[in-house]
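K.L.:
The structure is given below, and queries will be raised subsequently.
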Ligand SMILES: Nc1ncnc2c1ncn2[C@@H]1O[C@H](COP(=O)(O)OP(=O)(O)OP(=O)(O)O)[C@@H](O)[C@H]1O
């Protein structure tokens, strides 16, 4: 129960409702207890009438009175049962809601490293499946637990007071039932966990096959994928059958043990009746009803135990994530306006998970309003520089300063709000194009969105779609071409109107003519902004105030376009190659 202590704060939050719920549960149970003894009274009235001890009129009025009491108690019990669910089950839903929000908020705070070391499926599972398991503890388990306790506390003494011998024999099989149900619930849990785990691998397989359908078709891999799907389905069927087999034991076992209890009650009760130890057959009927009332709660003791164990395991998994602190912590300094000076001072950086040394002793400065273009072979560390500026990672050695202050000391929100980043792999949400662009500035109107799209030279494309800006993009924006996606992503950064622009090779899928138009627009839009453009094309570098050429995480060359053309090296070679390519 150590892990489940995490929920205590929520129990405290909703204690009034919970307390009411407990009270109502007890009341609902007490009303339920009325019925069996009045059934017994009814049988006694009939017995007395048959023996001629009671006149018809008196018997009728007694019967009517008892029936009215039974119906009244049943109605009241039903009403309180309704209230019980309205309180306790509602509280469990509130707790589920709060816990999901807590986990989601925490996920949002965690750094990129966390997302790299945990699979998306696992993150989703903990926030949905595990939270649902925990809810079963916070609601149904508490509700049924109190119900069962109340019932045991009232009914068992009552049974012993009324007829101790029958009570003893009626109760003997019930602990066996409880243990058996516990045992079966555990096996059911183990097998259903296996089925669940299998289902998540099946959905991962299905999701990959659907996402990669164009590759599968292009390589004519459908038969192989079908075969793999077939064998996975077979494995799934076997696992589900295993589960179905133990599930099938649950109710028969319960019925068997109730049956045994009932036979004991009838046999022992019958013998006592013959011996005159009990006065009425009504007592036997009353006890049969008691046994039936006890069966479900007894079975539930086993079920509850396994629910609490599962909830504990699930909460443990949730706590594992909740206990993780973000690697990138906000320094807690007050928000500051950012002017846009960026300085790398002997910065080295190694990716913690792969141990790849991406940057080595790198120094450069970009002043507010300047444009820096970074060129270099693939894997030379260009994107890493942009990630470090946005503080997606912290450096190992050296210092990055923004406006002459170490980046770690700057309010994280101020820093990231000042940056408009266009990543290499444009990610668009499954939403309208309008909302995808508006993501950069929540309060932007349609006019501003159109303007941003025009600057990113994607407006004509968007207007060409039947639904224009209302076109909904599929998963990962698959309805757009690579170049269109890049340009929508640029529009999203432009509409943000940030202090610092970070463009990561975001024109790679755009033809050179459109690229030139966009670059001219960007030049205008970023006139007084600090701009860093990562690229493989000389065209992005020609007008830059500074150019860095990287190789293996180090600066190979730096200068302006004209300076670099005067020196032999990577830049000049690239220029000549791309120029001759263009001429051809
Ligand atoms: N998230 C990451 N985790 C671990 N290693 C990474 C990560 N991103 C990049 N690397 C490694 O760091 C090195 C530099 O990568 P980076 O993406 O900065 O290069 P790049 O110059 O931008 O390349 P490209 O031009 O292909 O985009 C590479 O060796 C790469 O494998």
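Along the chain as shown, residues are numbered 1 onward.
The backbone N, Cα and C atoms fix where each Cβ goes, glycine too.
The feature transmembrane segment is assigned by TrEMBL to 14-35, 63-83, 136-160, 166-184, 246-267, 287-308. The domain 'ABC transmembrane type-1' feature in TrEMBL is assigned to 19-310. The annotation domain 'ABC transporter' is assigned in TrEMBL to 342-577.
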K.L.:
What stretch in 14-35, 136-160, 166-184 has the biggest tally of Cβ pairs under 8 Å against the transmembrane segment (246-267)?
P.N.:
166-184
K.L.:
Assess whether the transmembrane segment (14-35) lies in contact with the transmembrane segment (136-160), where contact requires at least three Cβ pairs under 8 Å among residues 6 or more apart in sequence.
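P.N.:
Per Cβ check, the transmembrane segment (14-35) touches the transmembrane segment (136-160).
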K.L.:
Average the pLDDT scores across the domain 'ABC transporter' (342-577) and report the rounded value.
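P.N.:
Here the mean pLDDT over the domain 'ABC transporter' (342-577) amounts to 89.
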